[in-house]
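Enquirer: Checked TrEMBL, it gives:
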type	residues	note
DNA_BIND	B:1-40	DNA-binding region
BINDING	B:G75, B:A76, B:G77, B:K78, B:L79, B:G80	NAD(+) binding site
DOMAIN	B:65-164	domain 'CoA-binding'
Number of protein chains: 2
Amino acid sequence: MYFRALVFLEKNQKDYISSSELAEFVHIKPPQIRKDFSYFGAFGTKGIGYDIKNLINEIQSILKLDSPQKAALIGAGKLGTALCLFPGFKAYGFEISAIFDKDPDKIGKKIGNTTIEDVATVDSLTQRNIKLAILAVPANTAQSTTAELVQAGITGILNLSPCYLDVPPDVKVVTIDIAMELGALPYYI
Amino acid sequence: MYFRALVFLEKNQKDYISSSELAEFVHIKPPQIRKDFSYFGAFGTKGIGYDIKNLINEIQSILKLDSPQKAALIGAGKLGTALCLFPGFKAYGFEISAIFDKDPDKIGKKIGNTTIEDVATVDSLTQRNIKLAILAVPANTAQSTTAELVQAGITGILNLSPCYLDVPPDVKVVTIDIAMELGALPYYI
DNA sequence: AGTTGTGAATTTATTCACAGCA
DNA sequence: TGCTGTGAATAAATTCACAACT
């Protein structure tokens, strides 16, 4: 979140930002920000604040976003296609360099300039050294596809289906359940 | 999350579930579940567990998901269209009953059986008594569109653009930043 | 015998407040 | 003077452990 904010604020005129200014922007209290950063090092200058460019580099390095990351998209349906064409991944250095689907009508076609491959061949990810997958398949096939991804050496999965995925402890899953997030709104209203 | 899990587990043979069984399913510890429920009431039976159907009803009522909810989609691009056709909202009682876009080529066309309207006419949401909006517009127009939505009486926004939205205190925003979630994976790997 | 509901204990997260430095 | 970095203080969340109940 800090990374996203700083990349945005980098465009402004200023070179330095204080924890209070950043705090106002991300709606978090200043000591929280300083404490968060302090877990990883001392990136600021007393009396001045944080050099924005330098801080971006530090966070990029902490998050391992300092080298380009290849990701595979599994599921070239409406949502998968939308994500594939979504420009937002670039800011984090992600490139979707492989797309898989099980639909024979889609295999061989292209999204952008990436050709859709048969999901039965996900094991090729091992050789291609792709470690990240965006899973945009129906909930009922999510778990079985996940098993194949893990088999293919995937260690990070962004799961867009509304279900929990069982994976070995060395695989990290982040689940985004869009309907569930919407489901929380009426309570607050 | 409990709601999602219980709706799924409802399909199984059993009528009752203990906090330990539910805990295993959602990967949360049993006392956490009991404590969470206890903030809202005593829904279980000692020695037996929770009546699944009854618990679903209780949670539905807490979350205000017990009556159908109308939502408006703002932005009929690839992502918006995918969301609109996404079946997952139904489980929570949501219906996307209005779609808006600013592109004249899209206005008047249909997604599913809902006609796309001009985003300049979002103020009609007031009369239609729609209080929820799914915002799937580019980041640079998100804030200005939000202001119009608030003006039109929207009190809950599911924001899919990677930016913070400024709203009055009586409006609740939930932001899903898909790229940011993916951005967290390399750190864990 | 088995499970809930909940005060107490523990752990974790947040905030304060200020020494130390530019 | 102004802001960071951080130990101490406070607040919040989680977990324990067990009485109460079916």
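Even glycines carry a Cβ here, placed using N, Cα and C.
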Enquirer: Can you check which residue among the binding-site residues B:A76, B:L79 has the largest number of Cβ atoms within 10 Å of its own?
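Expert: The residue with the densest Cβ neighbourhood is B:A76.
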Enquirer: I'd like the number of other C-beta atoms within 10 A of the C-beta of B:G75 (NAD(+) binding site), please.
Expert: 28
Enquirer: Pick from B:G77, B:G80: which of these binding-site residues has the biggest number of other Cβ atoms within 10 Å of its Cβ?
Expert: B:G80
Enquirer: For the DNA-binding region (B:1-40), would you mind checking the mean pLDDT of the predicted model?
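Expert: Mean pLDDT across the DNA-binding region (B:1-40) comes out at 96.
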Enquirer: For the domain 'CoA-binding' (B:65-164), what are the DSSP-based totals of helix, strand and coil residues?
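Expert: Each residue of the domain 'CoA-binding' (B:65-164) counted once, the result is 37 helix, 29 strand, 34 coil.
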Enquirer: Are there binding-site residues in B:G75, B:A76, B:K78, B:L79 whose CB lies under 8 Å from a CB of chain A, and which ones?
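Expert: Cβ contacts with chain A under 8 Å: B:K78, B:L79.
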